[in-house]
Amino acid sequence: MTTGLDAARKQEIKEIVCDILEIDEDEVTETSLFKEQHDADSLRAIEILAALERTQKVTIDQAELSRMVNLEGVYVVVSEAAQN
């Protein structure tokens, strides 16, 4: 899936997600599920959304949380938000 995000931006997003989920970067893949594999709860999902809005200078509707289940989904949502 093409997101239009460069490698540096993807790395920054990955660092944010890993920091909030309190996991090492090598523990997460683009397709590993935050809730099922990394014990993320809804509060952490909101924290991820807020941090992404702040650092990536985008606005993300909370309805997009259902798509932000893994890094791949986060990349797509951020990419789409950046285009708006």
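In case you wondered, yes, glycine gets a Cβ from its N, Cα and C as well.
Quick look at what Swiss-Prot lists:
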DOMAIN    7-82  domain 'Carrier'
MOD_RES   SER42  O-(pantetheine 4'-phosphoryl)serine
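For the domain 'Carrier' (7-82), the mean pLDDT of the prediction comes to 97. Residue counts for the domain 'Carrier' (7-82) by DSSP state, with H, G and I taken as helix and E and B as strand, are 56 helix, 0 strand, 20 coil.
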